[in-house]
Amino acid sequence: MNMQLNELIEFNFTQSIETKQQAQSTMVAPIADAVKLIVAAFQNGNKMLICGNGGSAADAQHFAAEFTGRYEMERTPLPAVALTTDTSALTAIGNDYGFDVVFSKQVEALGQAGDILYAISTSGNSGNVIKAIEVAKARGMHIIAMVGKDGGKIAQMLSGADVNLCVPANRTARIQEVHLLTLHTICDAVDTLMFK
Ligand SMILES: O=C(CO)[C@@H](O)[C@H](O)[C@H](O)[C@H](O)COP(=O)(O)O
Ligand SMILES: [Zn+2]
């Protein structure tokens, strides 16, 4: 039993390491594109809105806080807002209009042309994230989609001006682990390009 348990634990570590190695071979160029888009938006006085469900909601607020607070170095706060944190907005919009529009209504309220919507979904198929992208596009915002598997419906919605950060893996947990690495890498790169 203990052997089986240890093997299961070791398997999770090995699979996570292998997924990160595979992602390194496909995701460097799109991550660089995302960094350039975010730096340009911040330098133009634009902001970034971030959304996702479940573990990706946690990622959204984690990512926003790295910008409004700090990542590693002391620097001026940067404008990033997680659309996953205002329980009054989430419950009122969800209750009155439906869960599918909990993010898109906030994008409609807060998003301006030139802002970025950073949309996180491991399946690429979450309805509320899809609707947020639709509204963001209609408002002239840039889209950075961080997805997994085959990118789902979200990957199909993206144009050449958008960025598709797709983790080449199928297991949600493994995708999320690469998502977190991607977010920290972007923070490191944004700080380096803007402040070092
Ligand atoms: O964290 C996990 C699984 O690791 C879950 O909470 C997961 O995020 C939720 O099932 C989400 O609703 C999945 O949505 P998505 O990534 O497919 O857009
Ligand atoms: Zn999880």
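Cβ atoms are placed via backbone N, Cα and C, with glycine included.
Annotations in TrEMBL come from automatic prediction, not curation.
Feature annotation from TrEMBL assigns domain 'SIS' to 38-196.
Of all the Cβ atoms in the protein chains shown, 20 others lie within 10 Å of the Cβ of Asn53 (substrate binding site). Secondary structure from DSSP puts Asn53 (substrate binding site) in coil. Per TrEMBL, substrate binding site is recorded for Asn53, Gly54, Gly55, Glu66, Asn95, Asp96, Ser121, Thr122, Ser123, Ser126, Gln176.
Positions annotated as Zn(2+) binding site by TrEMBL: His62, Glu66, Gln176, His184. According to DSSP, His62 (Zn(2+) binding site) is assigned to a helical segment.
His62 (Zn(2+) binding site) is 15 Å away from Ser121 (substrate binding site) when you measure Cα to Cα. Of the candidate binding-site residues, Gly55, Asn95, Ser123, Gln176, the one lying closest to His184 (Zn(2+) binding site) when CA atoms are compared is Gln176. Compared over the binding-site residues Asn95, Ser121, Ser123, Gln176, the count of CB atoms lying within 10 A of a residue's CB peaks at Ser121. The Cβ of His62 (Zn(2+) binding site) lies under 8 Å from the Cβ of Leu180, Leu183, each of these being in the same chain and 6 or more residues away along the sequence.
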